[in-house]
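**Q** Here it is, the structure in full.
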Amino acid sequence: MKGIWWKGLGVLLMLYVIIVGFLMPLRPGITTAFPQNIKSGETSVITASTYNARLETLSASDLRAWLVRDTTYILQAQSVKISGDQSVDVTFDVPENLPVDEEVLDFSLVLDAPEMGSIVLPYSIFIAKKGSDLSSGMTAWTSDSLGKLNKHKGLAIPFRNLLFETLRNTYFHVSLWFSMFILFLISVIYSIKFLRKREPYFDNVASSLVEVGTLFGILGLATGALWAKNTWGTYWTTDVKLNMAAVSMMIYAAYLVLRSSIKDGDKKAIISSSYNIFAFFIIVPLIFVIPRLTDSLHPGNGGNPGFGGEDMDNTMRMVFYPAIIAFTLIGLWMSNLMIRYKKLRNRIDEI
Amino acid sequence: MKYKLLLVLAIISMSINTAFAHGDGPDFFRSIGKIYVVVGVMVITFIGITCFLIYIDRKIKKIENEISSHN
């Protein structure tokens with residue numbers, strides 16, 4: 001039992017992540033609204049397609065809809081007709097005048113019902129101005145307020161347009177990168193230990209952790225490429241986050257090349273240990289700092305993603321944190337095998 | 001050997017998209033809210049870990065052979 005419990009824990013957590021990560025449903029959301037362009041002073045029917053909303057279980061009287069500019073300018077729908085399980089026709093009687101003096105204004109479409117909660121498609125409907133007198137028709141824009149919106153009932157992860165179900169990649173792709181970082185961190189600690197004590201075992205540990213960490217990083221790049229192909233339409237773009245991740249992987253690839261190019265065991269250990277310490281402190285700004293300084297296509301960037309925002313909420317953290325621990329424990333298990341192999345190798349070479 | 005495995009891994013992950021694209025309609029990966037992208041990600045991760053197992057298996061085999069020939 002001793003020495004094996006953490007391996008079992010890693011496997012159990014991984015199992016939990018796969019099962020709960022896949023079974024927890026996505027919250028409902030609006031995917032598209034058509035037509036996008038309507039004119040003021042006309043009655044327009046907007047067909048909205050939803051995801052996971054299960055509209056047929058709702059009654060039409062419960063479902064409310066608005067076109068929302070901001071907290072003051074809100075236009076309530078004249079009527080709402082549920083036309084399918086994932087489709088709804090909303091009729092708006094748009095006044096002659098827009099609330100702001102612009103030729104075209106963008107509005108967000110909001111649907112709300114008990115159980116389902118409120119769902120929104122931001123900046124989706126564009127209304128072109130027809131009349132010229134700003135003061136007329138103002139009451140239609142300001143007479144209604146959103147009031148109390150419903151919250152979605154039941155455990156579900158956030159709906160994000162474009163991402164949809166691939167939000168679950170947070171549990172796999174993102175955790176791979178996090179655990180890679182933890183493995184590199186432990187490896188740096190052992191590299192410092194080696195440089196202080198000159199014990200070959202410490203170098204074995206450090207190099208094994210780097211090898212597994214690099215594998216995780218390469219898997220991170222490969223899984224990211226698959227996702228990018230189906231979200232951005234290309235495997236690789238010149239995005240700052242992607243390029244910096246690739247650069248950090250190349251730094252560690254150089255570590256592996258460096259190790260295999262030095263024959264003398266003692267020299268190899270000393271040089272690669274000091275390289276490892278430098279490499280780690282280079283990838284910290286490459287992965288964590290530079291992508292946050294500029295704009296990036298990658299989700300969870302810009303601003304300060306460390307505090308969550310809309311990509312991460314508490315229901316996701318229930319799976320995300322165990323996923324990091326699971327991948328780290330499995331990574332440690334993999335490097336443990338490597339360490340034991342290297343120990344045997346050293347002993348055989350001594351004979 | 002390790003680099004060969006990594007190369008194979010890279011090729012598999014790059015071709016996994018096109019391999020499935022012709023299977024079920026033009027957009028297999030983007031159907032059902034792109035859930036198959038998540039499945040693909042797990043498959044790639046599994047293949048990667050398997051490659052590591054094969055790699056370490058070969059190394060241990062080498063040691064075993066050395067020990068048995070030494071005796």
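Count begins at 1; order follows the chain as displayed.
Any Cβ shown, glycine's included, is placed from N, Cα and C.
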**Q** Checking feature assignment: transmembrane segment per TrEMBL, candidates A:54-78, A:204-228. Which range matches?
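**A** It is A:204-228 that TrEMBL describes as transmembrane segment.
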**Q** Do the transmembrane segment (A:319-339) and the transmembrane segment (A:9-26) share at least 3 Cβ pairs under 8 Å, sequence separation 6 or more?
**A** yes
**Q** Please give the sequence-distant neighbours of the transmembrane segment (A:9-26): residues at least 6 beyond its ends with Cβ less than 8 Å from one of its Cβ atoms.
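**A** For the transmembrane segment (A:9-26), the nonlocal Cβ contacts are 51-52, 154-159, 164-165, 167-168, 171-172, 175, 315, 318-319, 322-323, 325-330, 332-333.
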**Q** Short question: which residues 6 or more past the ends of the transmembrane segment (A:270-290) have a Cβ under 8 Å from it?
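**A** For the transmembrane segment (A:270-290), the nonlocal Cβ contacts are 177, 181, 184-185, 187-188, 191-192, 194-195, 203, 206-207, 210, 240, 244-245, 247-248, 251-252, 254-255, 258-259, 262.
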